[in-house]
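Before any comments, here is the structure.
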């Protein structure tokens with residue numbers, strides 16, 4: 001039986017409590033219901049997101065568009081980068097103008113519209129409406145000379161597709177930056193332990209959506225039809241939007257409190273220019289009497305300064321995580337390249353009783369290398385419930401539960417071990433290549449010369465990067481939310497995700513830098529492969545970068561913990577977080 005309705009309960013700062021009556025067990029029950037709705041929305045949104053990214057290169061490279069592989073890869077990287085770098089936009093809109101509930105609702109609506117536009121590009125009529133007729137493929141002139149340069153032309157339907165992908169990235173980034181803090185708002189009144197558990201299960205739902213997308217949506221797109229696959233994506237986003245609106249009565253919604261980003265920038269400028277510091281401080285004190293400061297809307301100058309001091313302490317912690325993100329995103333780039341040059345077994349064993357045609361087809365049907373991401377996802381799906389129900393309660397009873405910063409340091413260690421394992425495996429692989437011990441294997445229409453090492457040797461590095469997520473990314477989310485000033489929680493969550501995107505771009509930039517002549521990734525004699533590269537040194541370089549920043553992180557984290565234990569700092573932080 002559903003709970004009877006009650007009048008809307010206003011609270012401080014215009015906060016709206018759930019439209020449900022509260023019995024003796026009401027608060028905890030409805031808070032869990034609200035959190036469960038947020039987790040379900042997150043799972044559906046992530047399933048839709050991975051459904052787009054997993055086969056986007058294949059879709060753009062299909063006969064519908066005939067994009068080159070380089071053009072399709074560039075579009076995918078742009079989409080992934082934008083989906084992280086645009087995260088502060090959604091957080092800022094939520095803090096200043098719309099509030100988190102309305103920002104999420106509008107973002108899901110934009111998500112639905114953009115995915116619908118992507119769906120229309122599959123049909124011939126839809127492509128003609130948005131892009132016109134596809135031009136005939138021109139015959140390239142003979143170009144025997146190395147100095148001959150072909151003419152560059154924009155790929156078919158590029159403007160429409162880039163616009164659709166940009167809208168999808170904006171919607172996904174806004175949902176990512178605001179849904180996290182909105183879900184934490186639902187359980188904040190239940191204590192810090194409830195917030196910690198929420199972030200554990202929030203990350204669990206992300207990976208559950210990923211595994212469902214990789215197993216179902218990506219398979220349908222590749223083996224049945226993109227029309228069916230993208231229709232499922234639209235349905236997932238529509239269902240997420242419906243569930244979010246349906247759960248409105250049980251949500252705690254908070255009005256926009258205003259973002260202090262501009263105030264923070266002004267204070268940063270004043271602190272960098274001592275000549276302006278005293279004059280601005282004198283002008284503020286001269287124009288504001290004590291009784292006027294209490295009636296002034298928004299944060300007072302003193303609160304602005306306290307927020308700025310908290311922000312100055314938080315940002316170094318988040319910035320030192322950037323090298324970890326450089327390592328983390330290798331599992332979607334260089335780890336995949338490495339796997340393509342290891343021996344990949346067939347899905348079906350060749351049966352001597354079947355026809356020659358079927359035998360040929362089955363022998364080329366290999367396990368998708370991207371499915372090794374399932375090892376990363378599986379370890380998260382298994383370990384998060386174990387950690388939440390067994391390990392953390394035991395450590396809490398023994399008063400040995402580590403802080404968020406200590407967990408993040410442990411996560412950086414596991415990321416370091418993952419990239420070291422990848423480097424050792426690559427070094428071993430290159431020894432087989434140097435001895436000319438290669439195995440030709442056909443993956444799709446591309447021929448690769450792989451080392452006779454099974455691809456299953458990559459599983460340890462995927463498992464280790466999965467464990468690192470549990471200890472680095474989840475506590476990082478918890479740290480960003482719980483330590484941020486209340487009026488900047490959305491923006492800080494956006495900055496957290498933005499910095500992860502910066503790590504991805506820095507990793508790509510390092511690959512590009514090492515691809516110049518003389519670099520470790522420069523392979524002019526082996527176009528499309530990495531057998532003449534020295535990617536093991538690239539892995540070890542990343543490990544060295546993360547090791548150095550891990551030491552810096554430990555120093556910054558220790559200093560942060562000592563400052564946080566200071567009584568004056570505790571009083572200031574409690575006032576800031578409200």
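Cβ coordinates come from backbone N, Cα and C, glycine included.
Here Swiss-Prot gives transmembrane segment for one range in the set 8-28, 134-154, 155-175: that range is 155-175. Segment annotation: Swiss-Prot labels transmembrane segment over residues 367-387 (candidates 346-366, 367-387).
Cross-referencing 180-200, 201-221, 264-284 with Swiss-Prot places the feature transmembrane segment at 201-221. Per Swiss-Prot, the listed range annotated as transmembrane segment is 308-328 (candidates: 308-328, 434-454).
Long-range contacts of the transmembrane segment (462-481) within the same chain: residues 180-181, 184, 195-196, 199-200, 202-203, 314, 317-318, 321, 324, 327-328, 331, 335, 372-373, 375-380, 383-384, 387, 404-405, 407-408, 410-415, 417-418, 421, 489, 492-493, 495-496, each at least 6 residues beyond the stretch ends and with a Cβ under 8 Å from a Cβ of the stretch. Counting only same-chain residues 6+ beyond the ends of the transmembrane segment (308-328), those with a CB under 8 A from a CB of the stretch are 263-264, 267-268, 405, 408, 411-412, 415-416, 418-419, 465, 468-469, 472-473, 476, 479-480, 483-485, 488, 492, 495-496, 499-504, 506-507, 510, 542-543, 545-546, 549, 552-553, 556-557, 560, 563, 572-573, 576. The transmembrane segment (405-425) makes no contact with the transmembrane segment (232-252), as judged by fewer than three Cβ pairs under 8 Å among residues 6 or more apart in sequence. The Cβ neighbour count for residue 436 (N-linked glycosylation site), using a 10 Å radius over every protein chain in view, is 7. Contact counts against the transmembrane segment (155-175), taken as Cβ pairs under 8 Å, peak for 33-53 among the stretches 33-53, 201-221, 538-558. Here the listed stretches are 33-53, 201-221, 538-558, and the one with the most C-beta pairs under 8 angstroms to the transmembrane segment (102-122) is 33-53.
Residues 316-317, 320-324, 326-327, 330, 334, 405-406, 408-409, 412-413, 415-416, 419-420, 422-423, 426, 507, 510-511, 514, 520-521 of the same chain lie 6+ residues outside the transmembrane segment (538-558) yet bring a C-beta within less than 8 angstroms of a C-beta in it.
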